[in-house]
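Beneath this line is the structure, given in structure tokens, with notes to follow.
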Amino acid sequence: MTLDKARKGQVIKIKSIANELIRVQAIRFGLSEGEVVVCREIVPAGPVVISRHKQEIAIGRSLARNIQVELC
Amino acid sequence: MENSKTETKIPAGGKKIVLVGNPNVGKSVFFNALTGLYVDVSNYPGTTLDMACGRYNGDVVIDTPGVYGVSSFSEEEGITRDIILAADLVINVIDAVHLERDLFLTLQVIDMGIPMVVALNMVDEAAREGLKINAVLLEKLLGVPVVSTAVVHNVGIEELKEKLYFARPGQPEAQLLKKIENMGTSVSRAEALLVLEGDPVVSERCGVKPGTGREQIYRNRLDRVSRIVNLVVQETDSGKDFVSRLGRLMLRPSTGFPLLLLTLWVIYELVGVFLAQVIVPVTEEFMIEYYEPAIGSLLDTFLPRDSVINNLLTGRFGLLTFTVTYMAGLLLPLVLGIFLVLSVLEDSGYLPRIATLVDRAMSFMGLNGQAIIPLILGFGCVTMSIISTRMLRTDRERRIAIFLLALGVPCSAQMAMIMAVLAAQGGFYLLFYLCFMFCVLVATGTLLGRFLPGRASPLLIELPPLRLPGPQNVWKKAWSKSYQFMKEAFPLFAGGALLLGILEVTGLLQGLREFFVPITVAWLHLPAETADVFIMGLIRKEFGAANILVLQMLPLQKLVVMITLSLTVPCIASTMIILKERGWREGLLLWFVVLALAFLIGGLVTRLLEFFSSSGSLQNPLLFGVMILALAATIALARFSPPGKAL
């Protein structure tokens with residue numbers, strides 16, 4: 001499934017990020033494919049907020065649609 | 001901007017010490033501690049947009065914009081990259097709470113082979129979060145000196161100063177080093193690495209083809225980061241408290257928008273009511289009742305009352321009366337107040353959460369939520385916020401954001417004047433003004449988002465921890481910004497007053513007024529004297545607006561002047577910055593389009609208001625209905641217009 005379908009509180013593993021440019025930018029945030037994150041918040045029709053360790057990252061909806069994830 | 005001028009000459013034998021780190025890790029505080037100079041400290045990405053330079057022990061210390069890595073994803077990254085490439089040694093500031101993020105940059109600079117010392121900052125906050133970090137082991141793994149610091153509490157600065165000159169190149173990734181050596185070109189190791197990582201700018205500069213292995217290199221580096229973090233960080237317990245819950249509430253629309261409205265209301269009460277209606281009348285009266293007569297009678301003893309010079313100094317546009325009264329009695333308290341509010345917003349970490357909250361709405365304007373930050377900062381100073389649009393990722397977004405800033409965002413000085421002029425007319429006028437400007441902003445944004453080719457880039461933003469801003473830091477920042485602002489404004493304001501005074505004394509002003517009659521009288525239905533307002537408004541808006549207080553006009557006319565004036569480009573400084581950032585052609589085009597739009601909209605609003613005031617009362621709720629209807633029509637037009645019409 002894609003990240004925008006995730007629900008609040010779910011622990012998910014990032015499988016792939018479609019856009020190459022975004023992929024390398026995400027790596028620099030410390031976020032890469034294979035990473036396990038927690039879905040913290042979903043702004044209705046808006047961004048998805050995920051967290052990993054102590055860090056929170058907001059991801060726009062259009063981008064979340066292009067991120068493949070699986071439930072852990 | 002101003003900081004770049006402080007000191008840029010490197011003394012003979014001096015080294016270039018460069019502060020590098022992710023956004024929001026405390027680089028600027030280190031800069032202050034080392035150089036004794038003050039620069040901005042903020043809790044959101046993109047604050048240090050122009051580098052700040054200072055001296056330390058005969059060496060030069062350079063502060064850089066916060067970045068997550070060295071490459072060319074945005075303009076500010078390009079700036080940082082070039083400063084790092086030229087560095088003799090790097091102080092890498094990392095946030096102990098977010099090692100898994102910050103070490104990426106650390107390892108990248110180590111791979112570049114630049115001598116480095118690491119400041120492991122915010123160890124106090126990490127302890128509070130239940131994290132234990134083994135700094136000795138970290139030092140061994142990285143191969144560079146590591147100093148634990150909590151710089152806002154002055155912990156670790158002395159040790160950092162001691163270890164500074166023990167900076168050395170760290171432990172690079174062996175495989176990567178081999179690849180760099182195999183390249184065998186004449187470029188430096190740092191540049192070679194960036195070429196391997198496919199940096200287009202550096203590759204072109206070195207005359208070689210950019211590498212294609214960026215993703216693999218990044219991925220390997222992140223794996224190394226994870227290994228290091230696993231070894232050095234021990235988590236004792238995880239904190240989930242009131243602050244993180246509040247952070248969540250700010251993101252949910254059902255609570256986030258009320259919180260945002262509450263914040264805006266508090267700001268309005270503080271600046272629009274308390275400062276503009278309680279404090280300013282006192283300071284202004286003081287200037288008019290005591291200062292002006294005193295300076296007037298003092299001058300009369302030297303110069304005859306009706307001489308030209310006396311007229312220029314203490315007349316209607318007097319340099320010593322009018323200028324000083326408005327600068328000190330009216331602008332200073334309000335500008336300081338607005339910068340105080342903005343400093344609190346910046347330091348608290350609220351801004352990126354607002355960006356996340358409004359991301360969806362902003363996408364209709366062809367922007368992502370991040371663009372709300374320059375737009376909010378624009379209410380402080382449009383010039384500064386135009387520079388901060390560099391944090392946006394595409395040229396298209398910068399173009400839209402700058403256009404909106406130039407057209408519809410009034411800066412603190414303008415807000416000050418608007419509050420002063422319109423609040424005196426009653427709440428209705430202020431409300432109408434705010435609603436109207438909001439509609440213009442949204443409508444323009446929607447049209448630009450629709451008809452400029454391209455799409456909004458997706459939001460990807462880090463949410464920094466919410467922090468209670470330190471009062472000292474907030475005050476220092478607001479004061480230094482207000483000071484810079486006043487310093488820049490004073491000569492322009494004084495020069496404008498002088499120019500206006502001279503024009504009046506020589507009778508040229510009358511000629512200009514007549515020249516502008518078709519616009520002022522025929523189109524906007526205003527007294528001919530308002531030409532002064534617009535002429536001066538080209539230099540600084542608040543200066544033009546200050547004239548409104550002098551002119552005799554109906555409340556409706558004052559409103560029209562305020563709206564039209566707000567819509568033109570804010571001041572000569574912002575005009576120059578627009579030209580610098582967007583180039584002459586686009587800059588001039590933008591400037592004239594904004595000017596034409598301002599007068600077009602001004603004329604339309606005149607007719608709308610006159611229609612309502614002639615058919616009964618002006619203060620009619622229907623007026624707002626018409627406004628919202630027009631906005632809805634514009635949005636509908638933009639959404640449903642055939643895509644073939646796009647430019």
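Just so you know, glycine gets a Cβ as well, placed from its N, Cα and C.
Fair warning: this is a prediction, and the values are worked out from it, not measured in the lab.
Going by TrEMBL, these are the annotated features:
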| type | residues | note |
| --- | --- | --- |
| DOMAIN | B:14-170 | domain 'FeoB-type G' |
| TRANSMEM | B:257-280 | transmembrane segment |
| TRANSMEM | B:319-345 | transmembrane segment |
| TRANSMEM | B:365-388 | transmembrane segment |
| TRANSMEM | B:400-424 | transmembrane segment |
| TRANSMEM | B:430-452 | transmembrane segment |
| TRANSMEM | B:489-509 | transmembrane segment |
| TRANSMEM | B:559-578 | transmembrane segment |
| TRANSMEM | B:590-609 | transmembrane segment |
| TRANSMEM | B:621-640 | transmembrane segment |
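Across B:319-345, B:489-509, B:621-640, the stretch most heavily in contact with the transmembrane segment (B:559-578), judged by Cβ pairs under 8 Å, is B:489-509. Under the criterion of 3 or more C-beta pairs below 8 Å, with sequence separation of 6 or more, the transmembrane segment (B:590-609) and the transmembrane segment (B:365-388) do not qualify as touching, having fewer than 3 such pairs.
Within its own chain, the transmembrane segment (B:621-640) is flanked in space by residues 364, 432, 435-436, 439, 442-443, 446-447, 449-451, 608-609, 612, which lie at least six positions past its ends and keep a Cβ under 8 Å from the stretch. B:365-388 is the stretch from B:319-345, B:365-388, B:489-509 with the greatest number of Cβ pairs below 8 Å to the transmembrane segment (B:430-452).
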